[in-house]
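Feature list (source: TrEMBL):
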type	residues	note
DOMAIN	49-486	domain 'Major facilitator superfamily (MFS) profile'
TRANSMEM	46-79	transmembrane segment
TRANSMEM	91-108	transmembrane segment
TRANSMEM	120-142	transmembrane segment
TRANSMEM	148-165	transmembrane segment
TRANSMEM	177-198	transmembrane segment
TRANSMEM	210-229	transmembrane segment
TRANSMEM	335-357	transmembrane segment
TRANSMEM	364-384	transmembrane segment
TRANSMEM	396-420	transmembrane segment
TRANSMEM	458-478	transmembrane segment
Amino acid sequence: MALQENGQGGNRKYKRMDSDILEGGEDVSNFDNHQLGKSNSTKKYVLSYAIFASLNSVLLGYGLGLYVGVMSGAIIFIQEDLHITEVQEEVLVGILSIISLLGSLAGGKTSDAIGRKWTMAFAAIVFQTGATIMALAPSFAILMVGRLLAGIGIGFGVMIAPVYIAEISPAVARGSLTSFPEIFINLGILLGYVSNYAFSGLPVHVNWRVMLGVGILPSVFIGFALFVIPESPRWLVMQNRIEEAKIVLLKTNDSEIEVEERLAEIKLAAGHANTDTYEEKAVWRELLNPSPGVRWMLITGCGIQCFQQITGIDATVYYSPTIFRDAGIKSNSQLLAATVAVGFTKTIFILVAIFLIDRVGRKPLLYVSTIGMTTCLFGLGLTLSLLGNGPVGVKLAILSVCGNVAFFSVGLGPVCWVLSSEIFPLRLRAQASALGAVGSRVSSGLIAMSFLSVSRAITVAGTFFVFAAISCLAVVFVSKCVPETKGKSLEQIEMMFQSQGGELELGDAELLVQKQ
């Protein structure tokens, strides 16, 4: 399979002589205008697909924002209406992250069986069912049934969205597009905060039900989106539906030559997936007893997912009122203002990451992110231990928390999902990504549910010194285990990992592809 080498990776440009392409004296300017129109159309298609696929992430963010929003959110009204105990309250709040890992784990097998698109549909149906049951629940037991279903639906959706976007996107824009789910999670959290306040004035037996019922709306939009978005071309090739895959690639790539090139690479990669040995047991056997290349992929993908959570971002966001109280803020209005500032900072800086991720690369953003987080977490620990309960301490605490979430959002937050969705080979991608998502959900649940207990044991300041040490380890992990994937096709990334433990450069990967 020959490649045209006019450029590198996803930034490759195809310069063709008029005599080779244009027949019948066609004006070159007309051809250029056609290509410009094609490029604009391609961008619109891919952008719309990424947005629709990310709607599932709104569900996760909305669920989190609703229950952990400022002033306790919907849970305070549920407690009053259904008379639940404190233990039941903790279970209701904490179960989402834990139960969603079941959905994520099952999502890999499901998406390989029925496709990426219909896995998103299944996720929306399960979530809608759970949200409806919660909104109508007459007792805690029924409420928990709905919460469990909603969590499973969220787990499916959060796992499959980055995989789908990575497989549908051209290499040159894959990083920014695969960051969309992280933006939509934060959008969902903000919507949860808004919902808490918008409906809190309704009667107590109605307000929390309306808050939960509104969460159905994003999944309704997902249902409409299914009539717009196509199936992943890589999954279609795995099913030997080559012509359908080519139609999708023609919509998401600028030139027919690039389409043929991508299709040939996908078919080569899918050849391994379509052999007789490609069965569920074979996939898990390879994941549990991996080759050196796959082992490197698993270390990178699962490791970055765990570091995203064990550096304490969820504890910083969820318990920011506790942190600010410890720093010396007493009034509820000041707590509200400081917490809202944290939420907006986290969302705004994700937009910075989307702008930079395909320009400067994944690894530089991860360096800036982890080093910045280490500095802010250590500074927060010092502030709380040395300067608490004073105006200077309050200002430094707010600055440190906002700085931590800003650095997280610039790198570790969105880049984590990008890497974990693009580094695995086609035959393993869905289920390996599911493993990474499980690691993320377990880490998130453990950190969120243990923060208060650990803080009581070693103080809030001591807890953030621990987070700073873990973040410092994340810097080392990025340096040793994370390669740069900017501008490379998914198939080139696979070859990069499988050759010399991930040290193969892009030029060598292209030569290997040519030899095939």
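Numbering starts at 1 and runs along the chain as it is shown here.
Each residue, glycine too, has its Cβ placed from N, Cα and C.
Keep in mind that TrEMBL annotations are predicted by a computer and have not been checked by a curator.
Against the transmembrane segment (177-198), stretch 335-357 has more CB pairs under 8 A than any other of 91-108, 120-142, 335-357, 364-384. By the Cβ criterion (under 8 Å, sequence separation of 6 or more), the transmembrane segment (148-165) is in contact with the transmembrane segment (91-108), since 3+ such pairs are found. Pairs of Cβ atoms less than 8 Å apart link the transmembrane segment (396-420) most often to 335-357, out of 120-142, 210-229, 335-357. For the domain 'Major facilitator superfamily (MFS) profile' (49-486), the model gives a mean pLDDT of 80.
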